[in-house]
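This report refers to the structure that appears directly beneath it.
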Amino acid sequence: MEQLHGFSFDGRLLLMAFAATLLLTSQAADDRKAFHSQIFISQFHFDFILSNIIYIHIVWVYIVYMGKPSEGGFSAVSQRHTNMLQQVLTNSDASKSLVYSYHRSFNGFAAWLNQEEARKFAKMDEVVSVFPSEKKQLHTTRSWDFMGFFQQARRSSLESDLVIGMLDTGIWPESESFSDEGFGPPPPKWKGECQPASNFTCNNKIIGARFFRSEPLGEGDILSPRDTEGHGTHTSSTAGGNLVSGASLFGLGLGTARGGTPSARIAVYKICWSDGCFDADILAAFDNAIADGVDIISLSVGGFIAKDYFNDSIAIGAFHAMKNGILTSNSGGNSGPSLGSITNVSPWSLSVAASTIDRKFVTNVKLGNGESSQGISVNTFQLGDKLIPLIYAGDAPNTTAGFNESLSRFCFPGSLDVNQVEGKIVLCDEISDGEAALSSGAVGTIMQDGGLQDAAFLFPLPASVLDLNAGNNVFQYLRSTSNPEATIEKSTTIEDMSAPSVVSFSSRGPNLITLDILKPDLAAPGVDIVASWSEGTTIGGLEGDNRVSPFNIISGTSMACPHATGAAAYVKSFHPTWSPAAIKSALMTTAFPMAPKLNTDAEFAYGAGHINPVNAINPGLVYDAEEIDYIKFLCGQGYSTQNLRLVTGDESNCSNAAKTAASDLNYPSFGLLMKSQKLNTRVYHRTVTNVGEPVSTYKAVIRAPPGLEVTVRPATLSFRSLGQKMSFSVRVKANTGGNILSGSLSWEDGVHLVRSPIVAFATPS
């Protein structure tokens, strides 16, 4: 299951007490051996082997990936998949086991299998990979203007022919962001559909909508493309929503909300539900989106760790999208700032980090002694001028439930004494979601936290998050008087002079699957973003929070991803024949450079830099790559000829001549993995394509810190026509001394600046 930003054969947690009890109480070992328990489980991570369980079959949805599309229509392909199941299944009806037949854009199926059955499929010659359908999670008014992409930006007449495929929690079709006023019929290329649902209707803006659910339906979910979570509505409006004036969250963030390509059409593929996003559903959505005719795919979803490319549903789907000329834009993940935490890392997709914008939401706390402290939160509540009794959470433990002050001070769920907290503002020693304070009857909460205060969050009651110094001032005041009082004001905005910087929660590189491919690719606004929201849920999504709004303010790489999606669609509207790699190159090489002093993780935080849509439509040169380039790269990564032929459907051969080192993939960045901190040297080979002026001359400009030496040959590229390709080599010598060394190569012709980052780093010993 994916996070909303497969299973190795040894990995699932089985803790089913009823099965253990049945086995432990059986009369004889023979009875236990004969006992077959088929247990349907949704979510677990490690095998738990009960010593007395002799024979148990765990049934799980597995994905059997078989590569290129199979010949024949749905019925023929589905029958072939059913026949394969019949050959392997030991105890189940094949037709009941089959969940999906992937047939439109690639070949494979999802089915309920146990581990032994999955192993049998993995040994078949026609199978590329077998992995469980794990659960992944879901990783504005001001943001587009902040990056210089103003409402008056130049637009292409082809923008309304573009279709953005949004793989998310669905969409709220009644939102003004998705009105089809002024839109003509869908473009003739469109082959999608509006899946029948009793409460959902498409229009000429939302031209397609499907939903996918392989697991039993969760509580509160509905089988419809309608969004009951809010996330999908937010991302869709950010990527391609209409212009909506007067957008705000109860007055906060007031302005005109719009997507990157307001005239584009939207196709919705609901893959995420209240309990997450499953791999089987993600692949089903890719299978349909590619065949339906989308131009860009946006996916603000990811797993907990980076995985081998062909055991990763998102990497597989994005690969087949690339084969069909479709770029996939991915969120990088919200597990930062740990190095190596980025999860969506395939080189054929765009991996996006989250950065700040120059607007910050702050929330003042006013104490009874007249002092004020400024914290951060998105607080829509107004307590008025009246001061309210203040209590320290450590003084109000729920002793009846077994809590003491050392636990209650953190405001853990159930740790607070309702009789002491009710009607008061409670001071907590740690940031939380605020639900414990609310359920205990508090009318507000002040939280003190030592983390970076670079993103504001919503809470279900009046709240402000203070740094430790300000929090200590509140605590000292509370201890200085017998009747401490405070109030929490409604949030206001201030200018964030440090923007853009990558937010602390944004996942960092390096890319743990292929260290020489720099990830993330770039950064885009992902902090405190105002965008449309589902009115089928509350803005906080927590019990006790009854606020409903057509707009919301949230943060995450999930918000950064649709900014990149909208920018990619914008580039494609001007260059409809460009490959996914060319579009990606244009976005990366024109990005605004970011400052390492604000992000000590440097390119591992922000990649090539901060996205710059206006310049991306005229990059001058692009680093292009086609399917064959990625195949050679995969050969170099150790994939077999047999598997790659299944994926490509041709006579691909991983001979030595057909292998490309990761460092030689025609990528718009340069990563040097060093085995030690001593002097290392590597030579890279790249080819650029002229998409600027027909006759032009570019000169190499190197920027490198001490310890990094870069030589480019030739140092001048002279073009005589559009589309002309020229190759060059880059020799990098580095001695990191244990640091990340950041440099760059720019090709400059006086008009264009085509910049690529160069990063050298040593792996930990």
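Backbone N, Cα and C define each Cβ position, glycine as well.
What you are looking at is a predicted structure, and each value in this text was computed from that prediction instead of being measured.
The signal peptide annotation in TrEMBL covers 1-28.
What TrEMBL records for 61-139 is domain 'Inhibitor I9'. Mapped onto DSSP classes, the domain 'Inhibitor I9' (61-139) shows 27 helix, 27 strand, 25 coil.
The annotation domain 'Peptidase S8/S53' is assigned in TrEMBL to 161-609. Averaged over the domain 'Peptidase S8/S53' (161-609), the predicted model has a pLDDT of 95.
As annotated by TrEMBL, active site, charge relay system applies to Asp168 (among others). A sphere of 10 angstroms centred on the C-beta of Asp168 (active site, charge relay system) encloses 31 other C-beta atoms.
Annotation source TrEMBL lists active site, charge relay system at His231 (among others).
Marked as active site, charge relay system by TrEMBL: Ser558 (among others). Within 10 Å of the Cβ of Ser558 (active site, charge relay system) there are 33 other Cβ atoms, across all protein chains.
Taken from TrEMBL, the feature domain 'Subtilisin-like protease fibronectin type-III' applies to 664-759.
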Cβ neighbour count (within 10 Å, all chains shown) around His231 (active site, charge relay system): 27
Nearest-integer angstrom distance between the alpha carbons (Cα) of His231 (active site, charge relay system) and Asp168 (active site, charge relay system): 7
